[in-house]
Amino acid sequence: MRKAWRNMAACSDSESSESVLRRRRTGKHSAEPETQSESREEPGVEVPLQTGTYWLTRILLLRSISFIYCVAFAVAYNQNKQLIGQRGLMPSREYLRSVKRYVGGKIGAAALAYTPSILWFLDWEDMDTNLDGIALAGMALSGFVLLSGRANMIIMAALWILYHSITSIGQLWYSFGWESQLLETGFLGIFLCPLWSLDQMPRRCPPSLISIWTLRWLIVRIMLGAGLIKIRGDRCWRDLTCMDYHYETQPVPNPISYYLHHSPWWFHRFETLSNHFIELIVPFFTFMGRRMCMVNGVLQILFQVVLIISGNLSFLNWLTIVPSIACFDDSALAFLFRPTGGPRKTLRSIQAEDTAEHSPPPTKGVCVRVVNVALGVLIAYLSVPVVINLLSPRQVMNTSFDPLRIVNTYGAFGSITKERTEVILQGTLSEDHKAEGVVWEEFDFVCKPGAVDRWPCLISPYHYRLDWLMWFAAFQTYEQNEWVIQIAGRLLANDSTVLSLLGHNPFEGREKPRWIRGEHYRYKFTRPGSSSAAQGKWWARKRIGPYFPPLNLEGLRSYFKSRNWPQPDRQ
């Protein structure tokens, strides 16, 4: 066992004593292969890098994963206190207490399996500080990896644990598929790294092919899951009409969505066919050799870039680019690195040493090999229910079959809403909401459509969680989304926590509203060149009816009490 650990530790050294002794043994002949190599190079002409190595791929993968982590932790830092903090809409402290009761009143293996989070072991009386501390630690660690391109298993595991600790207690606000996708991608990123070393290119620890293939397997599952759920889901994916609606009805459109929505019908049909080709056919290129695997990588990345441009879909598409990078080896990615100096120069030296007559290829410690093989076996085992789900006519998307979310099912937009509806919150200072001439003033959210003349936001990869949930609430009822009523009650109390999640408070600096109501509207993009568009209006809307009736604080007291919510004016 000691020998195995010594071998594993050797993986963290950029240069082993073995290589030093080898140079001593070769003596003056050690420079001979290098001299011969240099004599074959023409001045000013760079010899192409060898194919089949993944040193530069690893650096790019680690930086990409850390970028997504950094965005995710920034979102958590800015919004967690309002959503799951001490005075949040769904306090995580109450959630942990309910889980503790459910598992028998003890914080043990059952509690950790149900809700894997380090918050179990922290002081729940100061939950805001805990949440901020986790988010700031995650931002610091991911920022270091992003800027330096250096990481080890300890750092990547810490990032995974920190984000898992948030998502596990995030409840409704962290119910999106990209949370599980980030956790799976981050878990695989742990095994790209050496155990201890922070060297960008640790000579004794080349990137594992098993790790590279687990990431390739991830992009295959993501795309097949997304493609199959569409074909089996909404009929419009089969008759090629879904893109007639998507840009207008997606959760948070951006300005480009407006113009794409008004594209010709034949362009929308082409988009839908291209979507099916990229999601259902192209993933199989991964298994057809190096060139076709790179074709898959290129097409997947271009596809995700188009999706990023066309709407505010959080960091989902940015995250999906990450495993696509594993389709490329060092030779393909060399153009992204400076020709002289840095990783590219180090790689050239490594490849020259590997091909030299007196230099055997680098070897990994026994423990490292065991860990890599164990990773491959684990992913294969956990993929069984996922593959069965893919093949099933009753396929479900964005589901985890293990509590740690190591291997998951994915999919997006299996159903397309054909019309856009919005919940608009309005308040009035009038004592009698039924009186004639009552003036109702609208609250605006940060990003979701509200005022018809407001410019659609452009925020990807950032994400406003409440705005997304309001999109879901709009095609359901308030009885299915009781948290909407909690928001209304806290707006009546002029609650600063909830107000910080909104973009505009019409009662700022004035009295608190006496009544709040929810109105249900149907929204459509205005047509370019129309009189409405000329007036600066992006949207045309028509009232459907009330979403929830006018409410005041007195009328909400019993409602809040029945749901064990703190009274809005006593928080």
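Each residue, glycine too, has its Cβ placed from N, Cα and C.
Quick look at what TrEMBL annotates:
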- 1-45: region 'Disordered' (REGION)
- 29-43: compositional bias 'Basic and acidic residues' (COMPBIAS)
- 55-77: transmembrane segment (TRANSMEM)
- 103-122: transmembrane segment (TRANSMEM)
- 134-162: transmembrane segment (TRANSMEM)
- 174-334: domain 'Lipase maturation factor 1/2 N-terminal' (DOMAIN)
- 298-321: transmembrane segment (TRANSMEM)
- 370-391: transmembrane segment (TRANSMEM)
- 406-549: domain 'Lipase maturation factor 1/2 C-terminal' (DOMAIN)
Output the single range from 55-77, 134-162, 298-321 maximising the number of Cβ pairs under 8 Å to the transmembrane segment (103-122).
134-162
For the transmembrane segment (298-321), which stretch among 55-77, 134-162, 370-391 has the most Cβ pairs under 8 A?
55-77
Please compute the mean pLDDT of the model over the domain 'Lipase maturation factor 1/2 C-terminal' (406-549).
95
What does DSSP give as the helix, strand and coil breakdown of the domain 'Lipase maturation factor 1/2 C-terminal' (406-549)?
31 helix, 39 strand, 74 coil
